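Chemist: Here you go, one structure.
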Amino acid sequence: MSWIERILGRTSSSSSSSKSKVPEGVWTKCTSCEQVLYSEELKRNMHVCPKCNHHMRFDARTRLLSLLDQDSAQEIAAELEPQDVLKFKDLKKYKDRLTAAQKQTGEKDSFITMYGTLHNMPVVVASFNFEFMGGSMGSVVGAKFVRAAERALADNIPFICFSASGGARMQEALFSLMQMAKTSAILAKMREKGIPFISVLTDPTLGGVSASLAMLGDINIAEPKALIGFAGPRVIEQTVREKLPEGFQRAEFLLEHGAIDMIVQRKDMRDTLARLCAKMTNKPTPFKTAELIVEEA
């Protein structure tokens, strides 16, 4: 071995041994622009890509806790857990799918409901968790939604729901389809009593959820570029055998065609919802914007 080979060999071995392994989960790739992002920075930015502003999917519990005032959250119907009444089995047993989803997410089911305050205004909030079996709606989702709506009715306070779902849970068959009617019925009761219901549609909101509670808000809001519809675009294209328009079923397309009321950036969601709740309950705005302060001055 020559002197240069000895030096190069020593250098390469020392550099490789000095390399430290990067812990798993430190970096995340944006699902839109594919930019590699520091995970902690992404969390601070509420899972919105700082490079392209893509709104990535957001954990349901984190979403609700970041929406409500600090230390004000009280979970509603946390004890409810899905049961395999039909002993359903496809490629896997339903109970095995539930166990796997519960282990992966740390949640009992795909829907979380809470009571708390938003800028000191009492509200009831709920969110689907897409990571739990695609945010599918089963019996527990319907029961939790009704319990949350009943709390809003009892306290005469607004109800805000974030949707992120592939639709009804097929493993519960007709029991899951019944939840469409069940949730729609309690929302009709809320409307009769004049209790505000604000629906926030996030990516994706599809199937039986979009065909029931998600589109029944007194105000329907969407996050940017959220996929919203009944069947997905691929299924529609295969059925009609035509190419769909650019951006079909995205939030911007729906806003342009009058299917939703507004699109709100995630960073602005908390203040926007607070203003809407104040307006809809005939209460003063819970905080002053910079524009209002300038006008008053």
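One-based numbering along the chain as shown.
A Cβ is built for glycine as well, from the same backbone N, Cα and C atoms used for every other residue.
Note that the structure is predicted; figures quoted are calculated from it, not measured.
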Chemist: In Swiss-Prot, which of 30-52, 76-98, 191-213 is labelled zinc finger?
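Modeler: When 30-52, 76-98, 191-213 are checked in Swiss-Prot, zinc finger belongs to 30-52.
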Chemist: Got a sec? Which of these binding-site residues, C30, C33, has the most Cβ atoms within 10 Å?
Modeler: C30
Chemist: Quick one: of C49, C52, which of the binding-site residues has the smallest count of other CB atoms within 10 A?
Modeler: C52
Chemist: Work out, from DSSP, the number of helix, strand and coil residues along the zinc finger (30-52).
Modeler: 6 helix, 4 strand, 13 coil
